[in-house]
Amino acid sequence: MGRQGVTIGVLALQGAFAEHINILTRLKISHLAITPLLVKTPDDLQRCDALIIPGGESTTIALLAKLAGLLEPLKGFVKEKPVWGTCAGAILLSEDVQGAKKGGQDLLGGINVSLERNGWGSQVESFEAPLAVHGLRDPDTPFNGVFIRAPVILELKTDPSRPPIDILARISPPLLPAVGSGSVSGSENGDLLDDDRTVVALRQGRLLITTFHPELTRDDRFHDFFVRNCVYGG
Ligand SMILES: NC(=O)CC[C@H](N)C(=O)O
């Protein structure tokens with residue numbers, strides 16, 4: 001990575017990788033040349049300064065990564081370089097997943113959260129919500145969050161050996177689903193402003209997760225945020 005140029009890979013095994021490439025291709029950050037790269041092999045990954053893991057199906061992405069010999073290189077990459085996971089990508093970057101399929105699922109880890117897959121419900125319960133996002137360009141304009149079988153962040157965990165977690169966006173409490181059995185239902189959510197389950201975007205050092213899909217909008221502000229803050233450190 002030079003001061004003038006950066007190669008940003010998009011893991012291209014399954015899911016919405018083309019949409020991320022499209023936004024990266026038209027992203028303009030003054031004096032910075034951004035080279036987007038589709039990542040399908042360990043050699044591709046080696047050429048990257050940073051990586052985006054798209055939405056899709058986390059179990060399928062992990063399985064294909066294993067078959068491509070990418071699982072271990074990806075785990076190493078996450079420990080050293082900037083990585084952003086959207087939706088399924090966020091699941092892969094988390095340390096713990098509830099509702100994983102029997103026998104568990106392979107994760108890359110890196111972000112100290114526990115989350116629940118499909119915590120907002122099924123495909124037909126997909127929704128969009130305007131989000132106030134801390135740190136984006138043009139902060140008074142809400143970001144349209146597109147949630148498709150999205151995970152719910154259940155708990156942020158503190159780990160003194162890791163960078164602190166910076167919460168970038170929360171969803172309005174009335175939208176919170178009832179997560180798991182016996183948990184709080186939508187109508188009781190009025191007091192949950194500080195509930196970890198309202199968090200839908202966060203940064204931990206060089207790592208970023210969004211439980212929704214910025215790549216499915218025409219808004220490039222999250223890609224801009226990732227490059228400026230996680231890749232170039234602010
Ligand atoms: N839109 C998405 O990326 C959905 C994620 C999917 N529910 C998973 O578990 O991987």
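Cβ coordinates come from backbone N, Cα and C, glycine included.
Bear in mind that TrEMBL entries carry predicted annotations, made automatically and left uncurated.
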Among R26, R117, R197, the candidate listed by TrEMBL alongside G56, E57, S58, I148, R149 for L-glutamine is R117
Using a 10 Å radius on the Cβ of H213 (active site, charge relay system), the other Cβ atoms enclosed count 26
Expressed in Å to no decimal places, the gap between the Cα atoms of E57 (L-glutamine binding site) and H213 (active site, charge relay system) is 13
In this structure, the one of the recorded positions C87, I148 whose CB has the fewest other CB atoms within 10 Å is I148
If we take the Cα of R149 (L-glutamine binding site) and draw a 10 Å sphere, the active-site residues of C87, H213, E215 inside it are C87
